[in-house]
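Asker: Please see the structure below; I have some questions.
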Amino acid sequence: MSTSTPAPQPSSSGAPTSMPPAGRVATKDRPHGGVGDRLRLWWDALPRPTQWLVGVPFVLFMALVPILNIPVLTTVGTNFGGVMAQFGMIALIAIGLNVVVGQAGLLDLGYVGFYAIGAYTVAILTSPDSPWNQAGEGHWLGREWAWLAALPVAIAITSLSGLILGSPTLRLRGDYLAIVTLGFGEIVRLLADNLDELTGGGQGLRGVAYPRLGVTEDLPNGVFSAGNAAGTLNSGVWWYWLSLVFIVISLLFVGNLERSRVGRAWVAIREDEDAAEIMGVPTFRFKLWAFVIGASIGGVAGALYAGQVQFVIPTNFNVINSVLFLCAVVLGGQGNKLGVILGAFIIVYVPNFFLGRTELFGIPINGNEIASYRYLFFGLALVVLMIFRPQGLIPVRQKLLTYGRELYVAARRSAHVVAPRGGSDGGARPGTPAVATASGGAGGAAPVAGGPTADGPGTARSTTNEEETR
Amino acid sequence: MPALAEALVHSATAGPLVHQSLIDFNLAGLGRNFWGLTIEGLTYGAIYALVAVGYTLVYGVLRLINFAHSEVFMLGMFGQYATLLLLGFYPSGNAYDKGILLTVLYLGIAMLGGMIVAGGTAVGLERVAYRPLRKRGAPSLVFLITAIGMSFVLQEFVHFVLPKLTGGTLGGVNAQQPIRLVQPEVQFTIGGAPVTNVTLVIILSALVLALATDLFINRTKFGRGIRAVAQDPVTATLMGVSRERVIMLTFLIGGILAGAAALLYTLRVPNGIIYSGGFILGIKAFSAAVLGGIGNLRGALLGGLLLGVMENYGQVVFGTEWRDVVAFVLLIVVLMFRPTGILGESLGRARA
């Protein structure tokens, strides 16, 4: 319970204690009273099937975005499908990195290393240039590896690398971990550059395999090949759809983890590692888990990248990419899965948006020049955002991880009932007053604000509340 | 850092052998060139050390990885270059020959120019980016992201905006044409290894600056203030130390040393003045600071020298392309055994 103290917390800056009211924009004196929070409360209180009913059409809509050709949204200078494919990959990376940085609170500046390992695993297994791939037909290191067959290997190897990097380094804290992971990212890139006999060195590896689907007369290599460049249904769109599938899978996976014992352990570690350790959370093991899971998701993204570009080269895995990934996570709102996806979208989309554009809403602009200034604007935007909205665009809220939905339903009911009458309504709903008290600390509109955090005792309390509600 | 590697090829004769295997363990080369490599490593190490002090002081006082410090260093390079232009020097293939006294004077003025630009940038950075965050009590990751953002801004400023402001004289996509004031000449040899005048200037100036900084931190009133804030900000404030002033002073010192390091670096690598030229060196310098124990002034100096020397040995033993790998592996290995660096963390306790 006591872990939600006024100490600066990386993720809970929406709580009134950690942020003076003057520092907030547009939410007046009630930190949780905005539209977003009402939406959140509504969503959290929905039953699971209803959430699916809303979520599935939304995902379908997102899938259709690149082929609907929406006027201003569609990019002019580059292929919109390609942009969305890139977004899909970065979104996947952001989800993976969010597990490490946002949920477990481990600052990882070398995440690009896992991305590179995933990409290189696929490339080494399938590229005809790969020096390990010169064995003839039928040999297990032959060239017959399909992209989909290489994917599990890539995941396995990146997880293993996460384990190898994590097991010695996760004993370090905070900034030391940051610099060590940064070094790791650089080492991976330099290894790719220097181990010519394995990775092709600076020449890179060409001809990486990709899924061969939808082979027709016009497209002898299938819809995923780079040859499918023209038209609405180009290869970029197909890769985007493939990455959407992986995004949905990893969201379900990570979301379920988040609500499980593992997720509660991560939150506890993030908020206060010493306290978590004392409360009996095996912190090292769970930190390692976060690292391994994050790494494996990064490996998937790397495999997607290698397949889409069909060409891997060390310069694509610079440290600066790690920094960009981290920016996507922080920009969107670390700890919040939807937020980091939005962050990934902004990082990928905004520079491409201006490319080749000569007018915007009737105002003539020189889009190419604006696009070349992208890092300048990007840096400024980061600085301004960190000053005015440090928790990110869609910040994470502390919420109940166990028995959450029942409580949210009760809280919403009480918000409807309590507000007009100005008090509890007694006998009809015996549990309501208890919940209202639990939520009352943050001005009535926010049942989740001062609520229990997700460590051991927090869970215990939410359980008792739950029993009272019944 | 191609320029750096290129420059090293000349000094390390055993460097780029034809590598038949992935890694050649050229221990014989290390033995043969031991002194030469040590001197060369100390030269780079001295530059790392000066930049590392900026990281370590800021970290000690604010617990902040000032990611933008590499850009402070980069702007320092441009500052000294602009000063040389103002003094009437022009880039040309040949080195100027002004005589020892005048050359030292001009170099001193250029260093001053670099220090002013870098110090000003560092203090401005603190004012514009970090102070608003401190007022809001932001968590440390927010500071880090802001630093990254400012690093982008400063790089792109030199990349795109500076050439427009100066009519294409400064900044832009390409590196600046070098202005050479000193022609490297061998002065004497140690154990068969040649020592050039450039090496001498770099090591001696770095030593003087490091000593001066150490005295400033450990002997003066201002230094006591910095150590007090690093040790316990609240108590220091209660004792009448102005935290804000100390923070500004810290950034100023870091910037000044980065400006000095910028001049020394351009003496060694004249082609290195480019908008992206600070990044890798910044990472190395930060590694050096962590290696010695971040937050600890002497640790930064020790870490810088150690990193410079070790990566120079490493690149001969394993091959030139493994230089950076050696640096990072060294960092990781040291942190495994001494999780707070060689000399430990505390700036407050960094006394003799």
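Glycine too: its Cβ is placed from the backbone N, Cα and C atoms.
Below, the features straight out of TrEMBL:
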TRANSMEM  B:42-65  transmembrane segment
TRANSMEM  B:72-92  transmembrane segment
TRANSMEM  B:104-125  transmembrane segment
TRANSMEM  B:137-154  transmembrane segment
TRANSMEM  B:198-217  transmembrane segment
TRANSMEM  B:246-267  transmembrane segment
TRANSMEM  B:273-294  transmembrane segment
TRANSMEM  B:301-319  transmembrane segment
TRANSMEM  B:325-344  transmembrane segment
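Have a look at these and tell me how they're positioned relative to everything else.
Answerer: Sequence-distant contacts of the transmembrane segment (B:72-92) (same chain, at least 6 residues past either end, Cβ-Cβ under 8 Å): 51, 54, 106, 109-118, 121-122, 125, 154-155, 158, 162, 169-171, 176-181, 254-255, 258-263, 265-266, 272-273, 275-279, 281-282, 285.
Sequence-distant contacts of the transmembrane segment (B:198-217), counting only residues of its own chain at least 6 positions beyond either end whose CB sits under 8 Å from a CB of the stretch, comprise 39-40, 42-43, 46-47, 49-50, 53, 57, 107, 111, 182, 184, 187, 223, 226-227, 253, 257, 260-261, 264, 267-268, 297-298, 301, 347, 350.
Listed as Cβ neighbours of the transmembrane segment (B:301-319) (distance under 8 Å, sequence separation of 6 or more from its ends, same chain) are residues 8, 12, 14-17, 19, 23-27, 29-30, 33, 37-38, 40-53, 210, 214, 284-285, 287-293, 325-327, 330-331, 341-343.
Same-chain residues lying 6 or more positions outside the transmembrane segment (B:325-344) and placing a CB less than 8 Å from one of its CB atoms are 284, 287, 290-294, 296, 298-299, 302-303, 306-307, 310-311, 313-315, 318, 350.
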Asker: Who are the chain neighbours of the transmembrane segment (B:246-267) in space, where the CB to CB distance is under 8 Å and they lie at least 6 residues beyond its ends?
Answerer: 46-47, 50-51, 53-55, 57-58, 60-62, 66, 69, 72-74, 76-77, 79-81, 107, 110-111, 113-123, 125-127, 178, 181-182, 198, 201-202, 205-206, 209, 213, 216, 222, 225-226, 228-229, 236, 273, 281
Asker: Take a look at B:104-125, B:137-154, B:273-294 and tell me which one has the most Cβ pairs under 8 Å to the transmembrane segment (B:42-65).
Answerer: B:273-294
Asker: Sort out the residues at least 6 away from either end of the transmembrane segment (B:273-294), same chain, that have Cβ-Cβ distances under 8 Å to it, and list them.
Answerer: 1, 45, 47-49, 51-56, 59-60, 65, 67, 69-74, 77-78, 81, 155-156, 158-159, 171-176, 178, 265-266, 300-304, 306-308, 324, 327-328, 330-331, 334-335, 338, 340-345
Asker: Counting only residues 6 or more past its boundaries, what in the same chain has a CB within less than 8 Å of a CB in the transmembrane segment (B:137-154)?
Answerer: 62-68, 70-72, 74-75, 121, 125, 128-130
